[in-house]
Amino acid sequence: MKLVRVALAVPLFQFFDYLLPEGLNPVVGGRVVVPFGTQKRVGIVVDFPTESEIDPQQLKEILSVLDEQNLFNEPVWQLIHWAANYYQAPLGEALFQALPVKLRQGESAVQNAQVFFHITELGEQALRENLLKRAKKQQEALQLLAMQPMEKGQNPFAASIWQNLKEKGYVVEKEQLAEIRPWQDIEQPIVNEQNKHRLNKEQALALGQILFHQGFAAWLIDGVTGSGKTEIYLQSIEETLKKGRQVLVLVPEIGLTPQTVQRFKARFNVEIDVLHSNLNDTQRLQAWQRAKSGQSAVVIGTRSALFTQFADLGLIVIDEEHDSSFKQQEGWRYHARDLAVVYAKQLDIPILLGSATPSLESLNNVKLGKYQHIILQKRAGNSTALQQFVIDLKHQRMQNGLSDALANKMQEHLQQGNQVLLFLNRRGFAPVLFCHECGWIAECLHCEKPYTYHQHQRVLRCHHCNSQKPIPMQCGHCGSTHLMTTGLGTEQLEETLKQRFPDYVVTRIDRDSTARKGKLEQHLQDIQQGKSQILIGTQMLAKGHHFPNVTLVGLMNVDNALFSLDFRAEERLAQLYVQVSGRAGRGEKHGQVVLQTHYPDHPLLRTLLKEGYGEFAQQALQLRQQMGLPPYSAQALFRAQSRHSEEAEQFLQHIAEQLQQQNVTGLQIYGPLPAPFSKKAGFYRWQLLLQHSSKAKLQQVLSQFKPHIPQKAHQVRWILDVDPLDLS
């Protein structure tokens with residue numbers, strides 16, 4: 001019997017060998033159903049080896065074949081192999097994560113499939129040798145089938161006849177694709193010319209550079225907020241569509257998708273599909289199928305949409321390329337932006353990376369000559385430059401985080417018929433509930449962190465493990481009923497604003513207020529139509545949205561980020577400030593941004609406000625270089641967790657000792673140390689950080705060392721995060 005090597009969706013760095021029964025014809029990249037322990041699992045064929053390390057007597061047979069063709073086109077197949085190798089991830093996990101959930105579960109990959117019965121070689125042999133002479137109906141069905149396939153359910157024979165023939169191996173079911181209409185078969189023009197905007201000189205020069213260059217190039221479009229980056233995307237996409245090729249657009253947040261789709265559909269008369277986590281599994285599968293078959297021209301999606309397969313991809317666009325949402329934080333931890341650049345290079349197509357606040361990694365790639373740099377310094381259209389104000393909170397009268405100075409500014413803008421956006425990146429009513437008598441704090445027992453008080457839903461919720469409990473009536477320690485909250489969340493700010501500005505509608509947009517399907521779109525529509533005058537937003541509202549009537553933006557509390565131990569915290573704060581500020585003055589009205597802080601003379605704030613993000617970024621890069629931090633070095637982070645703290649620590653200590661014994665020149669090993677969030681969902685968490693000045697050398701160390709790590713450590717779960725962004 002032949003052998004089949006199969007990858008499974010398990011966190012193990014190995015494949016599994018099976019025997020191939022007669023009559024089954026799997027293909028590399030196709031799915032099969034296999035026995036795995038006491039279960040049946042869907043696997044993906046990766047090879048047909050000539051021999052196995054396992055005794056053939058112990059090998060099991062595959063049970064069925066689900067695909068007659070490779071599910072992965074060659075570029076995506078290569079990309080996933082490269083990515084699994086670079087991010088040190090099991091190939092099986094990576095392959096399955098690249099497929100829609102329905103396909104992982106074994107459902108049909110064929111779009112608009114019609115099922116037909118086909119005769120097999122065994123069936124033809126049975127006819128020649130007259131093996132069915134005692135089963136006349138089966139013989140008759142097989143004779144007709146020998147002339148042409150018959151559609152299941154649309155033929156004169158009972159289902160039991162076909163079942164008997166299938167069990168004998170004389171007949172197989174095959175899915176045939178219904179007729180597919182490529183997106184190019186449209187009767188109207190590709191572009192709605194009336195919705196195009198005239199480019200200014202900066203934009204026209206940038207577009208000319210992009211279109212003149214043939215083949216692969218990574219273009220970093222570094223443009224101030226309102227400089228018209230999206231228009232450059234749209235006109236680049238237009239040229240790609242005119243060549244009959246498809247386009248992939250990646251955005252960091254689901255919240256950006258409705259607005260992006262609306263703008264794209266107003267511009268283009270082509271099939272546009274959306275891929276994000278709010279779609280149900282059937283919708284995701286259908287969008288995936290349409291892109292692969294060439295029915296959709298443009299796919300817009302979040303991180304995982306990178307693995308969508310296309311008939312002919314001609315351009316990739318990544319909006320807000322700096323955003324940390326492009327880094328996967330569960331399962332295998334790939335970075336969609338970095339992988340997209342690798343993918344574009346494989347396909348020899350251009351990729352546009354846009355941001356008003358480019359990541360330090362991307363700016364360093366410009367210095368290294370890996371990216372082409374386009375700088376847009378002028379605001380497009382009639383949008384005007386922002387006025388910036390800093391409110392020193394020392395000696396200010398405050399009401400639940402709102403200073404009198406900011407409240408007065410708000411009153412001015414609201415009386416002029418404008419909208420105001422306040423940014424506070426902390427949802428809930430208050431981050432802490434405590435006892436006034438004894439100081440007891442309501443803590444999540446699983447994480448040993450304070451519960452967040454959610455007044456609207458009347459619950460305490462842990463924002464680390466998502467557990468929740470009813471709000472207690474009395475102290476859990478002394479029994480007092482004098483419970484109080486401290487700290488500020490979006491719910492409390494909403495209440496304060498409703499009391500202070502009773503004549504205006506306040507809308508809060510955070511994960512809690514947009515949890516129900518369609519709620520985010522409804523809120524955004526209300527804002528666009530002017531039904532809401534005061535907007536409260538977390539990070540969901542900080543980027544990409546176009547609100548032409550917002551003329552004042554207030555940042556409520558950014559001081560925590562000024563003193564973080566995370567070396568990336570200042571970069572994130574600078575990006576956040578610019579992104580949030582960019583929501584003001586996007587139309588013809590003047591915009592103002594107000595920053596509340598107790599530290600107005602902090603060097604980061606002085607540089608950012610007086611000299612801008614570009615100067616901040618250059619200073620930050622110099623500091624990173626002096627300290628040998630990324631992007632001037634490479635990092636990998638081992639994370640281990642266990643119900644028992646000492647077990648996670650010992651596991652990482654063992655890894656650290658083994659690595660030290662290898663005496664790798666230049667390899668720095670930090671830890672093991674407790675993670676900044678040292679307990680989550682009942683598990684104690686420890687970390688071990690590796691750093692080397694050479695990315696290639698660190699990869700070599702990881703590749704050689706990985707096979708020696710116990711894949712199933714006793715009571716310890718572990719992961720390896722290459723190029724970590726979050727050290728918590």
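Just so it is clear, glycine is given a Cβ too, placed from its N, Cα and C backbone atoms.
Around C475 (Zn(2+) 1 binding site), the same-chain residues six or more apart in sequence whose CB sits under 8 Å from its CB are C435, E437, C438, W440, T481, H482, L483, listed in sequence order. Positions annotated as Zn(2+) 1 binding site by TrEMBL: C435, C438, C475, C478.
If you look up TrEMBL, you'll see C444, C447, C462, C465 marked as Zn(2+) 2 binding site. C462 (Zn(2+) 2 binding site) falls within neither a helix nor a strand when secondary structure is assigned with DSSP, and so counts as coil. For C462 (Zn(2+) 2 binding site), the number of other Cβ atoms no farther than 10 Å from its own Cβ, over all displayed protein chains, is 20.
Taken from TrEMBL, the feature domain 'Helicase ATP-binding' covers 210-376. Confidence in the domain 'Helicase ATP-binding' (210-376), given as mean pLDDT, stands at 91.
TrEMBL lists 454-629 with the feature domain 'Helicase C-terminal'.
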Measure from the CA atom of C478 (Zn(2+) 1 binding site) to the CA atom of C447 (Zn(2+) 2 binding site) and give the result in Å, rounded to a whole number. 22
So if I draw a 10 Å sphere around the Cβ of C447 (Zn(2+) 2 binding site), how many other Cβ atoms end up inside it? 21
For each of the binding-site residues (C435, C438, C444, C465, C478), count the other CB atoms lying within 10 A of its CB, then report the residue with the highest count. C444
In angstrom units, rounded to an integer, how far apart are the Cα atoms of C444 (Zn(2+) 2 binding site) and C478 (Zn(2+) 1 binding site)? 18
For the recorded Zn(2+) 2 site formed by C444, C447, C462, C465, name the remaining residues of the chain with Cβ within 8 Å of the site's Cβ center, in chain order. L445, H446, K449, Y451, H463, H464, N466, S467, K680, A681
Which residues, same chain and not among C435, C438, C475, C478, have a CB within 8 angstroms of the centroid of the CB atoms at the recorded Zn(2+) 1 site? H436, E437, G439, W440, G476, H477, G479, S480, H482
